[in-house]
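Participant: One structure, pasted below without further comment.
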Amino acid sequence: MPQPLSFVHPTPHSPWGTYLAQVDRVVPYLGHLARWVETLKRPKRALIVDIPIEMDDGRIEHFEGYRVQHNMSRGPGKGGVRYHPDVTLEEVMALSAWMSIKNAAVNLPYGGAKGGIRVDPKQLTHKELERMTRRYTSEIGLIIGPQQDIPAPDVNTNPQIMAWMMDTYSMNVGATATGVVTGKPIHLGGSLGRVKATGRGVFVTGREAARRLGLDLDGARVAVQGFGNVGSSAAELFGQAGSKLVAVQDHSGTIFNGDGLDIAALTQHVRQSGGVAGFSGAEVMAAEDFWDVDCDILVPAALEGQITVARALRLKARIVLEGANGPTLPDADDTLAERGVLVVPDVICNAGGVTVSYFEWVQDFSSFFWTEDEINVRLDKIMIGALKRIWDTADRHGITLRTATFAVACERILMAREERGLYP
Ligand code: NAD
């Protein structure tokens, strides 16, 4: 029996526990590669860093930061950086592992990594945020780099933060290294289409799922949890396809309009006020009632662990599009499957962001930049092709799309592991 890791204590509902349960489910489909599966149950490398910062008022504050490289059998690490007060090593480990699966599922030449800082960035001034980001980047500079591990934005991080990370790394190595992070501002080697890429991938996989179920997107009712980068971009595209955005929940509140919310006006409101609360074109709803909303498509695009068994029993949606990472607990996944609700899992549904990050990295290396149309055409092609392969696997074995995505991805990762062999 392999020894369990000493530095995390996962439970069935914790992020790492959820991930381990997902890996266990795929073992029967791995054939001879199953003997390598323990590789997936531990991160290759996990770095914990102290980030001391001088605050604007002269106090010294310390923040805890992480960078976890889960698996690098197929290429350099790739995955975002999250700033949130609830970030833990265990959460970052799970997020890094889901990146390994996601990158392999869409066949990008990357392993999986993720980073984070335990901080509420809304409590920091612009200058404090910059100092914290720069110190964090210097500390994890030991293990990141354009050929080693390439961070990107996640919850509460954005192109400005990526610009500071790129600049800090570049100062430390003495050369401008645009390829060290993705999700940068356009004029610093960023890619057109990156900001909306994750939401676009959610929409494209959702459109494919709807087509297979015979659900017309024109007039379909959509509910979205989280109206940040992913949720708002996906909502916009569903709106363009004629769907009605009937409910939105974010950290500030829950709003409903059975005739469809005005997406452009809501986006503007959120940009100005920071949340959906106070939007005039909607009724306010109790947070828990969000899970009872009459809708065809539900897009969880906020945080993990949102769909519990109790909520899964109440959902009206026919399709759940996991924009967020890890929004559905494993037992709730079973409940949804039993109820015939189709779940397009995070590890394929939200892979649009990392796919365009890959395009950004390639463009930075070649110093030749593509048009937004070229980006979107290539993105759609990769997402549709990957989903088809996953769907075929699901049909062949009679398994859910999540287990099928893990099967496709784990086979690719473990095949690479086997072909490379163990060092020394
Ligand atoms: P964001 O910071 O832009 O938005 C997060 C949204 O979640 C905000 O609307 C916020 O109000 C909401 N939220 C926070 N706490 C909440 C709570 N307790 N209840 C309801 N809503 C809450 O982040 P994002 O980039 O849109 O990421 C959202 C999710 O998508 C995360 O799980 C992230 O890991 C995942 N994801 C993001 C990308 C990307 O490219 N940005 C790629 C893949 C996956």
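Placement of Cβ uses the backbone N, Cα and C atoms for every residue, glycine included.
Since we're looking at a predicted model, the values are computed, not measured.
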Participant: Quick check on the annotation: TrEMBL has K78, K102 binding substrate, so which of S280, S357, S366 does it put in that site too?
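Facilitator: According to TrEMBL, the candidate sharing the substrate site with K78, K102 is S357.
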Participant: If you measure K78 (substrate binding site) to K114 (active site, proton donor) at Cα, how many Å is it?
Facilitator: 7
Participant: Pick from K78, K102, K114: which of these recorded positions has the biggest number of other Cβ atoms within 10 Å of its Cβ?
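Facilitator: For the recorded positions K78, K102, K114, the Cβ with the most other Cβ atoms within 10 Å is K114.
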Participant: Of T198, N229, S357, the binding-site residues given in the record, which has the fewest other CB atoms within 10 A of its CB?
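Facilitator: Across T198, N229, S357, these binding-site residues, the one with fewest Cβ atoms within 10 Å is N229.
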Participant: Out of K114, D154, S357, which recorded positions lie by ligand 1, with a C-beta less than 6 Å from some atom of it?
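Facilitator: If the test is a Cβ under 6 Å from any atom of ligand 1, the answer is D154.
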